[in-house]
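Asker: Let me begin by handing over the structure; questions about it come next.
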Amino acid sequence: MASVEPIKTFEIRQKGPVETKAERKSIRDLNEEELDKLIEAWRWIQDPARTGEDSFFYLAGLHGEPFRGAGYNNSHWWGGYCHHGNILFPTWHRAYLMAVEKALRKACPDVSLPYWDESDDETAKKGIPLIFTQKEYKGKPNPLYSYTFSERIVDRLAKFPDADYSKPQGYKTCRYPYSGLCGQDDIAIAQQHNNFLDANFNQEQITGLLNSNVTSWLNLGQFTDIEGKQVKADTRWKIRQCLLTEEYTVFSNTTSAQRWNDEQFHPLESGGKETEAKATSLAVPLESPHNDMHLAIGGVQIPGFNVDQYAGANGDMGENDTASFDPIFYFHHCFIDYLFWTWQTMHKKTDASQITILPEYPGTNSVDSQGPTPGISGNTWLTLDTPLDPFRENGDKVTSNKLLTLKDLPYTYKAPTSGTGSVFNDVPRLNYPLSPPILRVSGINRASIAGSFALAISQTDHTGKAQVKGIESVLSRWHVQGCANCQTHLSTTAFVPLFELNEDDAKRKHANNELAVHLHTRGNPGGQRVRNVTVGTMR
């Protein structure tokens with residue numbers, strides 16, 4: 001069984017002479033030689049005989065499971081090192097990618113970690129690049145398709161609340177529409193689910209289901225707004241909109257963005273006179289489209305919308321506990337880091353001295369969202385000087401401030417040269433006006449929900465049929481119910497733009513009960529109606 005001891009000095013840069021900067025490209029732009037080297041490097045780190053910080057098992061295990069520290073067998077704490085729902089989300093994952101890229105470059109010194117451009121037209125139309133969905137590459141197992149566990153993981157928190165994320169040695173990571181639950185109370189149902197898929201669909205059809213799921217999330221609700229303009233909404237819209245969020249604290253995570261939007265939100269009172277204050281845009285954090293893509297690949301059931309046709313899908317990307325064991329995780333996060341890099345460039349914040357946080361704001365405390373990570377006490381204020389454990393640089397603890405000056409990083413990004421529609425070739429303009437009516441959904445307590453979940457917003461059309469118009473996803477951990485350290489920080493509030501409606505129509509439809517919100521969880525995939533819904537604007 002894997003050790004629970006932390007890796008105390010995990011260096012994120014190569015020692016010795018100044019290294020050549022890695023140039024991170026779109027994976028669709030790699031030539032055959034570059035792709036060959038990438039595959040060979042991934043095979044090298046996934047070699048079951050490899051141990052220590054160059055082993056994929058240990059690299060993947062830094063994010064979530066196998067848990068360590070207080071979170072090893074105590075659900076009051078988070079046993080993974082990763083940060084979500086706080087200001088360290090972008091920088092911790094930046095350090096994490098550097099650690100993985102360092103290991104890959106030991107296998108092949110000129111290899112770089114590519115990004116999967118989730119914003120381009122090719123992804124919106126066809127889904128995941130083929131290199132991630134083909135079982136073999138040139139006659140050998142493809143290391144980007146799946147990972148086979150070299151050791152077992154035991155979920156010591158399995159009895160609380162109701163899910164077991166233990167994984168046996170030899171387990172192969174899976175994606176939607178498969179289920180990867182292996183606990184003693186789940187494995188029979190998961191095997192029945194997976195056997196049904198294998199008996200009724202071939203590999204091409206299974207890949208088609210996954211790609212359909214991904215494209216549905218990206219393309220949901222492509223509207224003609226009240227000004228006659230085409231608006232690409234939901235995940236693809238969020239990817240662009242997050243770059244316009246100016247304040248780092250708000251941009252960095254969902255917890256801070258929820259509070260910021262709450263402060264700007266003004267209800268549209270039926271029959272009342274609306275405020276004359278200048279309209280402002282809804283703040284979309286970087287973490288929001290990130291969450292959507294995790295759930296798109298992992299699977300969450302939302303009836304009536306082409307997001308999940310098969311109840312019971314539990315792909316590894318769908319929960320923080322095991323997401324990092326799926327190789328696609330790193331290409332997804334490389335895209336998220338490129339968005340972060342682009343945001344820094346757009347807002348002229350390419351040096352650490354140019355970025356500050358809102359002190360003691362929601363999203364700046366260790367108990368926000370997931371709970372304290374190993375080495376950080378409960379109710380600790382987070383800053384840009386908070387150590388990003390377990391990462392080190394020349395023996396010194398890595399902090400956010402050490403990773404915010406772009407010219408000092410050991411890598412650069414190259415914009416995509418093939419395809420169309422990429423956000424990196426068509427960066428949105430700052431001060432872009434966007435002020436549709438906003439649906440505010442509140443009263444969601446994550447303490448009672450095991451795992452990730454989604455809120456689906458539907459609108460009754462002229463035939464009386466409900467049509468799903470928006471989804472807000474929450475990437476979570478299985479055992480959040482037991483997090484006594486973060487019980488008062490588990491309230492989720494969502495803000496969803498209603499692009500098709502003007503303010504009067506939004507008020508009327510809300511008053512006539514034509515706008516509905518349902519909460520879809522693992523335990524209740526059919527959805528539960530949420531009543532705490534308000535229509536308003538951002539002022």
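Glycine is no exception: its Cβ is also placed from the backbone N, Cα and C atoms.
Sharing the record's features from Swiss-Prot:
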BINDING   His63, His84, His93  Cu cation A binding site
BINDING   His290, His294, His333  Cu cation B binding site
Asker: Starting from the Cu cation A site formed by His63, His84, His93, give every other residue of that chain whose CB sits within 8 Å of the mean position of their CB atoms, in sequence order.
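Answerer: Here the non-site neighbours turn out to be Gly80, Cys82, His83, Phe89, Trp92, Tyr96, Asn320, Ser324, His333.
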Asker: Which one of these binding-site residues has the most other Cβ atoms within 10 Å of its own Cβ: His63, His93?
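Answerer: The largest 10 Å Cβ neighbour count belongs to His93.
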Asker: With every protein chain in view, what's the tally of Cβ atoms within 10 Å of the Cβ of His84 (Cu cation A binding site), excluding that atom itself?
Answerer: 25
Asker: With the cut-off set at 10 Å between Cβ atoms, which of these binding-site residues ends up with the most neighbours? Options: His290, His294, His333.
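Answerer: In terms of Cβ crowding, the pick is His290.
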Asker: Round to the nearest Å and give the CA-to-CA distance linking His294 (Cu cation B binding site) with His63 (Cu cation A binding site).
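Answerer: Per the Cα atoms, His294 (Cu cation B binding site) and His63 (Cu cation A binding site) stand 14 Å apart.
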Asker: Could you give the Cα-Cα distance between His290 (Cu cation B binding site) and His93 (Cu cation A binding site), in whole Å?
Answerer: 12
Asker: Roughly how many Å lie between the Cα atoms of His63 (Cu cation A binding site) and His333 (Cu cation B binding site), rounded to a whole value?
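Answerer: About 12 Å separate the Cα atoms of these two residues.
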Asker: Which whole-number value in Å describes the distance between the Cα atoms of His84 (Cu cation A binding site) and His333 (Cu cation B binding site)?
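Answerer: Distance between the two Cα atoms comes out at 13 Å.
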Asker: Look up His84 (Cu cation A binding site) in the DSSP assignment and reduce it to helix, strand or coil.
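Answerer: Once the DSSP labels are grouped into three classes, His84 (Cu cation A binding site) ends up as coil.
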Asker: Look up His333 (Cu cation B binding site) in the DSSP assignment and reduce it to helix, strand or coil.
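Answerer: It is helical.
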